[in-house]
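Participant: This is the structure, below, for whatever I ask next.
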Amino acid sequence: MTLAVLIVAAGKGTRAGGGLAKQWRPLAGRLVIDWTIEAFQRAGCGTIMVVRDPDNEHAIEALAPYPELLLADGGPSRSESVRNGLIALQEIGVERVLIHDAARPCVCPQVIQQVLDALDDTPAAAPGLAVTDALWTGADGHVTGTQDRSALFAAQTPQGFHFDAILAAHMRHDGTAADDVEVARQAGLAVRITPGDVNNIKITRPEDFSRAEHILRSTMDNIPDIRLGNGYDVHRFGPGDHVMLCGVQVPHERGLQGHSDADVGMHAVTDALYGAMAEGDIGRHFPPSDPQWKGAASDIFLRHAVELARSKGFTINNVDCTLVCEYPKVGPHAEAMRARMAEIMGMDMGRLSIKATTSERLGFTGRKEGIAALATATLVRA
């Protein structure tokens with residue numbers, strides 16, 4: 001049975017505020033339309049068409065990452081936009097269609113599937129929520145009466161139809177309609193009510209964005225929180241007979257200068273961990289103006305960053321550190337450095353890389369004036 005989804009996204013959405021149609025606005029790190037499209041992709045709906053304003057630059061930009069989508073031009077009203085989409089779908093031989101508001105990004109697979117199941121033995125089906133609030137009639141700011149709510153439902157989408165039936169209904173329809181169920185009923189189609197979902201809200205007012213974000217983020221609880229941090233550090237050479245690199249004392253004719261032990265590699269890794277947590281850098285936690293850190297072993301800083309990550313629920317997934325210098329030679333000490341860093345961070349050596357390169361005699365490292373280090377760390381919180 002050939003199924004298509006028709007997402008109606010040609011509206012202006014002015015009541016939601018923000019100076020931009022709601023379907024093109026950001027929501028929980030993405031755009032509203034992204035969440036809506038993904039909801040149907042997750043539900044296994046392969047053919048998706050979006051009806052949009054072809055001249056809207058925000059629509060063009062938002063839909064560019066989806067080359068697999070079918071597109072149709074919107075009309076001056078919702079019903080005309082739907083009609084345009086249905087006519088376009090007619091060319092690909094659709095048997096069933098789900099028509100959905102782009103501004104309902106929180107629709108869940110269960111709601112979608114229940115509509116599809118109902119179409120096995122009825123020409124039209126749509127989700128609805130039984131009205132539970134008391135209903136009043138009113139005039140001039142005063143209550144004039146109450147309304148029986150026992151037979152009232154709040155309509156939702158997607159609204160599903162046998163394709164030929166709803167296409168014929170729209171082709172005969174003249175005028176506006178609240179939704180496609182109204183068009184179907186005017187054409188004499190029986191419409192079954194399937195269970196709605198309180199979270200399947202339609203973004204209409206500005207405050208709906210915060211509610212929708214809360215709903216979407218609650219569904220993301222099983223998605224790992226993955227953080228990436230970068231660290232960079234430099235220390236110049238000075239008097240001494242060794243350098244500290246990634247926790248290992250490496251004999252050398254010169255030392256590295258710094259407020260602490262100047263372990264440039266460990267500092268870069270530490271800053272990468274802080275960066276992944278948005279916790280600043282070493283200087284924020286261990287100010288160089290504080291004399292107690294003069295000459296301090298850098299593993300103090302690294303251990304603090306590791307413990308802070310664990311206190312926030314993060315696991316250190318992997319660390320990659322590159323030392324940039326002409327000398328000393330790092331290769332003979334690299335495994336000892338990996339072992340020491342893995343011990344401090346409590347991680348498997350297979351997830352920790354320490355390597356070295358030169359700058360081809362360019363810059364301060366090429367002139368043998370000091371050592372630079374770059375590090376990347378990935379943290380994961382389940």
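Cβ coordinates are placed from backbone N, Cα and C, and glycine is handled just like the others.
OK, Swiss-Prot features for this one:
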type: REGION; residues: 1-226; note: region '2-C-methyl-D-erythritol 4-phosphate cytidylyltransferase'
type: SITE; residues: R15; note: site 'Transition state stabilizer'
type: SITE; residues: K22; note: site 'Transition state stabilizer'
type: SITE; residues: R149; note: site 'Positions MEP for the nucleophilic attack'
type: SITE; residues: K202; note: site 'Positions MEP for the nucleophilic attack'
type: REGION; residues: 227-382; note: region '2-C-methyl-D-erythritol 2,4-cyclodiphosphate synthase'
type: BINDING; residues: D233, H235, H267; note: divalent metal cation binding site
type: BINDING; residues: D233, V234, H235, H259, S260, D281, I282, G283, T357, T358, S359, E360, F364, R367; note: 4-CDP-2-C-methyl-D-erythritol 2-phosphate binding site
type: SITE; residues: H259; note: site 'Transition state stabilizer'
type: SITE; residues: T358; note: site 'Transition state stabilizer'
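On this model, are these features tucked inside or out on the surface, and what's nearby?
Facilitator: Using a 10 Å Cβ-Cβ cutoff, K22 (site 'Transition state stabilizer') registers 29 neighbours.
Using a 10 Å radius centred on the Cβ of R149 (site 'Positions MEP for the nucleophilic attack') and all shown protein chains, the other Cβ atoms total 13.
With a cut-off of 8 Å between CB atoms and residues at least 6 apart in sequence, the same chain places D101, A103, R104, Q156, T157, D208 near K202 (site 'Positions MEP for the nucleophilic attack'), listed in sequence order.
Secondary structure from DSSP puts H235 (divalent metal cation binding site) in a beta strand.
Sequence-distant neighbours of H259 (site 'Transition state stabilizer') (same chain, 6+ residues apart, CB-CB distance under 8 A): P288, W293, K294, G295.
In the three-state DSSP scheme, H259 (site 'Transition state stabilizer') is classed as coil.
DSSP assigns T358 (site 'Transition state stabilizer') to coil, not to a helix or a strand.
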Participant: Quick check: which same-chain residues outside D233, H235, H267 lie with their CB within 8 A of the centre of the divalent metal cation site CB atoms?
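Facilitator: Nearby residues not in the site list: V234, L256, G258, A262, D263, V264, G265, M266, A268, I371, A373.
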Participant: Note down the number of other Cβ atoms within 10 Å of the Cβ of S359 (4-CDP-2-C-methyl-D-erythritol 2-phosphate binding site), including every protein chain shown.
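Facilitator: S359 (4-CDP-2-C-methyl-D-erythritol 2-phosphate binding site): 14 neighbouring Cβ atoms within 10 Å.
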Participant: Under a three-state reading of DSSP, tell me whether H267 (divalent metal cation binding site) is helix, strand or coil.
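Facilitator: For H267 (divalent metal cation binding site) - judged by DSSP and reduced to three states - the answer is helix.
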Participant: Pick from H235, H267: which of these binding-site residues has the biggest number of other Cβ atoms within 10 Å of its Cβ?
Facilitator: H267
Participant: What's the CA to CA span in angstrom from D233 (divalent metal cation binding site) over to I282 (4-CDP-2-C-methyl-D-erythritol 2-phosphate binding site)?
Facilitator: 10
Participant: For the recorded positions S260, I282, T358, which one has its C-beta crowded by the most other C-beta atoms within 10 angstroms?
Facilitator: I282
